[in-house]
Structures are given as structure tokens and as C-alpha cells.
């Protein structure tokens, strides 16, 4: 090849290199195709690569020359790889920075939200603590039913759900009631709990039979009729006011007869609630807000620990409350329920009582027994009413219904103002007669109440009293029976339920006044009752100068008279039609009777029957009490005044009811007056 051809070839090769087609390798001028992305090998890029590779022996060259072409290709390829790696590193770094910024912002937002929730007494989903749902604002749609299987109406909505879930697990009606009642003792600790007692009416559909479980508190062995006269003991405040608790015994006795699920499964939901926390609900918060109650709470170490904040103020509505001490006590009851009366737990309870100045002993706990009683029955046309005998107030309800049923009332008796005035007047007069006879009742094992109860449950006796009611006037209290005065208990809680197999439970439990004796143990977490205040005391006349009833004087082992009236009404086919009961002291029986009349005689739905405005008369004081928040119409009130009734306002009892319609559908109604609702399936 001559010199001219050699120069032409060299120029061509150089041009092809410049165009990215090949690179000259070595002296032999071998050609290798190279794919070069021009943006990556800009002048700036080459400068950067040169800077990156600074300090190395050889520099990148694009001119032809001996022993340089191979280095150019190698260094160029290395530069391309480093440039790509650098871009990836930069991109990752940017992404990491963005994620860090987002994480910081999110953390700040969550911290602010958590702080706000903590300020309101709420915890946070996903935190180390179990999430406690916020207080609901109202009953969910369809809570009243209809349901096709079972329904539970408790006066604490979460406990209606607990009872329903037990039924869904094929638990019995009694299983469901026990689990729900343990739960209520947590949510509504101001009304009930294992430091109290109560009554449970159980109906077995297949047998067509009912039983009453009486686990009312009893007076300690050292108690006496005049123990609160001229002494430092109180029948209202402190452990000296406590009777021997019967709730655990009652639940265990009923479970042994009717239970299907393991005992521990019935206690566990309450344990979880006490341990993990629950909301300070409307009912408990309202009870604690009363001036006298709040003052007593401040005076008790245990209640202060539970209900007051660090500044000594009542915790806010909706705050998360926890009961770790009570949770441990319930775990002991879960594992060995008898320990409440005979084991190590019994010793702790006695020490609690001693610490609080009470007189309950180990012997008192050991001797406690639930009494299984035959229910009282009242015929109401095609229906039969089952309710509890003394010391409960089923006889009072029985007498009310026996008097009023003679009027054969229907919806027509409330079609206008005039008919409603007359109907309410007649019912109020029946209330007065029934409460006059209530003063004769007491614990049937200590006082002969057989004849009184027989009369009060007798239709003919009720009719004889109805004949004494005048449609155009009312009378002084002595007209209705000038017997004795009776005490006015308060508080309590109630649930009504119907199981898929048609069995039913109506149960009312209590610690008596709000927060019982206002004494909460720092050892066991139990809030103890003040049921001793439900006894009458010799020589203590009431405001009207009426002597106390001797049938209700204190005696060791005696049960005080109670207004609790758990009731079940069935039809002639032994099908449960209405399960009903209430909380609210002496207002319980009148509220139950009005709901039953509304449902059966005035043809109202269960929801309407429970929500309807109520009135109450207990003879003394001689006032017809009109509900404050749901008053009857002013026109009806004026009509009652013209008949001689002295009207005053009051807060009604709280009713929980369940019913089965003729087509077999289940309905439940938890009284909105206490902010609860039913649950079923």
C-alpha cells in the first residue's frame, strides 16, 4: 500500500472513530464496533471521567498513536459504568431523603393526634395497649330487631354484645346472662358488681317451668336491729354498710343447673375488659358527677385511684378506665369460683372489710347460700306472668296487674286526652294500693309473709281493691293502707334475654346506692355494697311520722327487702312473649307494669312500650311523679291535677326488655334513658 492510500485509510478510520463506529486497537489496526451514547460522552462527561480517574498513570486520549487505542476503549467503558452507578446512587439518595422527610412529617402528625386522643382519655389503635373503641353516639340501626335467633338487652351496650356472642357459641340463656352480668359489673360499676347481689328469673321453654335464683346479700352474723343507732357505724358509707355479697354464688348456682359452656369462658370477657380498659360511659359518669357521690369518691382511696385524674378531678366522659386489681380477682374467680367464699380470696375479702371498718367474717362467707325459689304467678288472660317472691318485689307487681286487669284496657283507653287522663288516674291509684302492701313484705325465711303474698297474687283480692278506686278523685295516703313505711333503695342494673331455643332470663343485680358503700378495695379492686341500708331500723320514723316495718328489721343472715322484680311473661303455648325488668329502686315495679301494659293492652311495639313517657306513685311521699326528660302531655297533666293529684318531676327507672312476636321474631329494647341498646342475631 503506497503512502497516499495509507493516509486515506487512516483518515477514514479516524472519521469512523469520531462517528462512534469503531476503535483502533493496537498496531495491527483491528476494528471493534462500539455502541457509544453521545450524551454520556460529551465534553463535560469526558472531563468528569478524567477527573474521576485522576491520579491514574494513563489519561484517556482520542488521537491515534502507538499503544493508546486499547486504553481509550477500556477507560471509556469504565467511565460509562461509573457514570451510571453515580446516577443510581444519587437517585437512591434522593428517594431516601424524601422518605425520611415523609416519615418525620407522619410521625409529627401521629404524635399530635395521639396527644389529642390522650388528652381526651382515648388510646390509639395499634399501640402497645389494646385498642378500646370510642364511646358510640347512639344505637346502631336495627338494634331493636327483629332477630331470628336470640337477643340480649343489657343496660350497657358492650355487655349486650358479650351476651349475644355467648349465644352464638351455642351457650345457654344462663351462660349468656352470666357473661353479660360480669361485664356490666365492669362498665356500670356504680350499679352492680361482684361485691353485690340480686335475683335471676329463669324460664325453660321445653319444660314450661320457671325458677328464681335469689342471691340477695345477707346481714352478717354480728349484725343486730339497732346496730346503727347511737354508734359510729354507717349503713350507707364504708364497709360497715355491707351485707355478705351473693353475686358469685348466684351465678355459679344457676350455671351448674343451666350452663353449657365452660365457666371460665363466661368470666373471661369481663377480665379482658378490666385489664385492657373500657370507656367511662354516660351512666357511670353521670352517677359519679353527683355532688354527694363525688365527695364520697374523693374520700375513698380506691375510688380516687379509679375515677379521678392526677389533679383530683373526675376523669372525663369517654376516658379509658382500667381495673387491674379487679381483673386479677376475676381471674381467681374464673379458676376457682368457690374461693370467693372459702379460699384465699375469701380471706382477702374479709381483710378488705376489716380495713374498711366492717363486720363480715370468714364464717359469714362460708355460710352464704343462693336460695332457689318458686316464682310467683299471675294470670293475664292468655298469658302467665312469672316473677320473684320476697324479699323481691314481684308481689307488688302482681298486685298492680291484678288490680288494673279488671278494667280490660285496650288502645281505646288512650285514644284522646280525656280517656288517657282516666286511664293514668286508675293506674296511679293501683300503684298506691300496691305500695301500701309492700310495707308488709320481708324475707320469708324470717317473717311470715305467706298470707300477704297470697293476697297480692290473688285476682279476687286485686278486684276488691279496684272497687275502692274512684274515677273522679284521689285520697290521702291513709285511705290505701296505713301500715308502715318502707325504705327507698336505688341503683341496680338489669338485663333481659331470649335464647334461640326459646329459654329466657330476666336478671336484676345491685350494690344498692351509686358505688355501693363508696368503698373500693385497694387489695381486690371490689366495690362493696351498702345493702344494710335496705333494712328498716326500729324507732326511725319517716318524714311523715310513719313507723318502720318490723318485717324488714335487721337480723343475722336475713336478706333485706328489695324492689328488684325480674319478670317473664309467656303465652298459653309456653312460648316466651316478654322478658322485662328494670333498675331504679322503688320505681322499678311501676316501670315494669307500664311497659307490660303498653305492650299487651295498648298494642304498642316493644320499642314504643319502653320509650313511652312514664309516671310513678309509691304512696309516700304522696306525689304523682311525672318523668322529667320524657314528660306526659301538659293537657294530661292538667287533667290529673283536676282529679286531685299532686304532680312533681322525677327520673324514671331504666327498663331492659326482650320479646317474641306471634310470628316468632325476636326483639330487644335497652332503655335509651341509660344510653344502651340490645344485640341479637
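Using N, Cα and C of the backbone, Cβ positions are placed for all residues, glycine too.
Given the structure is predicted, the values throughout are model-derived calculations rather than measurements.
Per TrEMBL, the feature active site, nucleophile maps to 492. Counting only residues at least six positions away in the same chain, the Cβ atoms of 191, 192, 198, 508, 509, 510, 512, 563, 564, 582, 583, 584, 585, 588 sit under 8 Å from the Cβ of residue 492 (active site, nucleophile). For the recorded site, residue 492 (active site, nucleophile), the DSSP three-state label reads coil.
Taking all protein chains in view, 30 other C-beta atoms sit within 10 angstroms of the C-beta of residue 512 (L-glutamate binding site). Under the DSSP three-state reduction, residue 512 (L-glutamate binding site) is assigned to coil, being neither helix nor strand. For 216, 510, 511, 512, 534, 562, 563, 585, the entry in TrEMBL reads L-glutamate binding site.
Sequence annotations record features per position, and here TrEMBL assigns region 'Disordered' to 117-146.
The annotation transmembrane segment is assigned in TrEMBL to 88-110.
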Across all the protein chains here, work out how many other Cβ atoms are within 10 Å of the Cβ of residue 562 (L-glutamate binding site).
29
Taking the binding-site residues one at a time (534, 585), which has its Cβ surrounded by the most other Cβ atoms within 10 Å?
534
Across every protein chain in view, the count of C-beta atoms other than its own within 10 A of the C-beta of residue 510 (L-glutamate binding site) is 30
If you count Cβ atoms within 10 Å of each one, which of the binding-site residues 216, 511, 563 comes out on top?
511
